[in-house]
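Presented below is the structure to which this report refers.
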Amino acid sequence: MTTSTASALYSGAKEPTTLRRILMAPAAGPFGALILASVVFALSSDEFLTGGNFSLILQQVMVVGTLAIGQTLIILTAGIDLSVGAVMAFGGIVMAKLAVSGPLPAPLAILAGVLVCGAFGLANGLLVRLVPLPPFIVTLGMLNVAFALTHIFSEEQTVTGLPGSLTALGETFPLGTTDVTYGSLLTVVLFLAFAYALGNTAWGQHVYALGNSAESARLNGIRVSRLTISLYTVAGLVYGIAALLLVSRTGVGDPQAGQTENLDSITAVVLGGTSLFGGRGTVLGTFVGVLIVGVFRNGLQLLGVSSVYQTLVTGVLVILAVTIDQFSRKKGR
């Protein structure tokens with residue numbers, strides 16, 4: 001046997017099969033958990049497998065799902081954003097108040113709300129990269145800033161009487177035997193767009209490189225500061241879209257909104273297989289994580305389980321997911 005033949009055989013023996021690559025994907029475990037949970041709830045409740053219930057699940061997760069897209073971008077770089085819910089709430093109040101009692105027409109009010117959220121993301125990125133400060137501290141501070149501004153700008157009042165432009169994404173259209181909101185469709189489109197960007201562009205490769213090692217990324221010619229700042233800014237703009245989805249779904253600008261979305265978005269990202277240590281995970285995995293949260297809460301609700309226990313189950317799932325990630329990292333060393 002020649003050296004080249006032996007090398008070829010050795011190389012072929014090490015080449016993973018398509019099935020093995022699928023099973024090794026970060027989202028494989030979460031997807032299996034989603035299927036298992038769906039089967040259990042389908043056997044436990046006749047209402048679970050109805051088109052109307054699936055539409056309801058999508059409506060319930062579209063806001064936190066959109067937030068989780070931005071959160072994924074940050075966590076992939078080994079950061080974390082604790083300001084997502086408060087920033088979204090402020091963006092929603094800005095949109096609602098400017099459209100109802102401000103000088104701007106509704107489309108410009110929407111744009112203003114999205115840009116305000118983007119400005120928060122930009123500020124986060126600048127502080128994280130240029131000062132620099134830990135993402136945890138920066139975004140915790142921004143949480144309080146956004147929370148305070150929301151209540152100051154809203155004057156502690158819920159904004160009602162919104163124009164149709166702000167609630168249009170809450171309208172439904174027929175899909176098969178059920179109705180789906182335009183907001184749910186937009187959320188799915190955003191997931192697909194960011195999944196493509198992360199998986200098929202140089203920008204996406206740079207994001208993963210930054211998450212694995214900022215210093216190695218810098219040595220390989222990646223402009224780490226610019227990339228980090230842009231990621232936080234893009235995440236902020238995504239939170240602005242989530243603000244529009246929230247306003248569309250509720251029909252009001254609520255200064256009390258977004259108080260649980262910080263942990264919910266992190267929960268979805270972690271359950272979807274994205275590592276809190278950065279460099280590993282996918283947006284489609286986050287979509288699976290969002291659905292896991294939605295399916296568990298919906299299924300437990302159908303079974304009459306108290307919301308307190310729903311939160312308990314979600315917390316246990318997060319701890320389990322992080323534990324598995326930790327063991328996977330140690331095994332890979």
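Glycine too: its Cβ is placed from the backbone N, Cα and C atoms.
Per TrEMBL, transmembrane segment is recorded for 22-44 (among others).
The transmembrane segment annotation in TrEMBL covers 56-75 (among others). Remote same-chain partners of the transmembrane segment (56-75), defined as residues 6 or more beyond its termini with a Cβ less than 8 Å from a stretch Cβ, comprise 81, 84-85, 88, 121, 135, 180-181, 183-184, 186-187, 190-191, 194, 207, 231-232, 234-236, 238-239, 241-242, 245-246, 249, 261, 264-266, 268-269, 272, 274-276, 278, 281, 283, 286-287, 289-291, 293-295, 297-298.
Annotation source TrEMBL lists transmembrane segment at 82-100 (among others).
Taken from TrEMBL, the feature transmembrane segment applies to 106-128 (among others).
Residues or ranges marked as transmembrane segment by TrEMBL: 135-153 (among others).
Sequence annotations record features per position, and here TrEMBL assigns transmembrane segment to 182-203 (among others). Proximity of distant same-chain residues to the transmembrane segment (182-203), defined by a Cβ-Cβ separation under 8 Å and at least 6 residues beyond the stretch ends, is recorded for 55, 58-59, 61-62, 65-66, 69, 72-73, 76, 168-173, 238, 241, 245, 248-249, 282-284, 286-287.
Annotation comment: TrEMBL describes 224-246 (among others) as transmembrane segment. Within the same chain, residues 62-64, 66-67, 69-71, 73-74, 77, 81, 84, 87-92, 95, 110, 113-122, 124-126, 128-130, 166, 169, 183, 186-187, 190, 206-207, 210, 214, 217-218, 257-258 sit at least 6 positions outside the transmembrane segment (224-246) and bring their C-beta atoms closer than 8 Å to a C-beta of that stretch.
The annotation transmembrane segment is assigned in TrEMBL to 266-295 (among others). When Cβ-Cβ distances below 8 Å are used as the criterion, the transmembrane segment (266-295) is approached by residues 25-31, 33-34, 37-38, 41, 57-58, 60-61, 64-65, 68-69, 71-72, 75-80, 191, 194-195, 198-199, 208-213, 314, 317-318, 321-322, 325, 329 of the same chain, each at least six residues removed from its ends.
Annotation source TrEMBL lists transmembrane segment at 302-324 (among others). Tertiary neighbourhood of the transmembrane segment (302-324): same-chain residues 29-30, 41, 44-45, 47-48, 53, 266-267, 270-271, 273, 276, 292-293, 296, selected by CB-CB distance under 8 Å and a gap of 6+ residues from either end.
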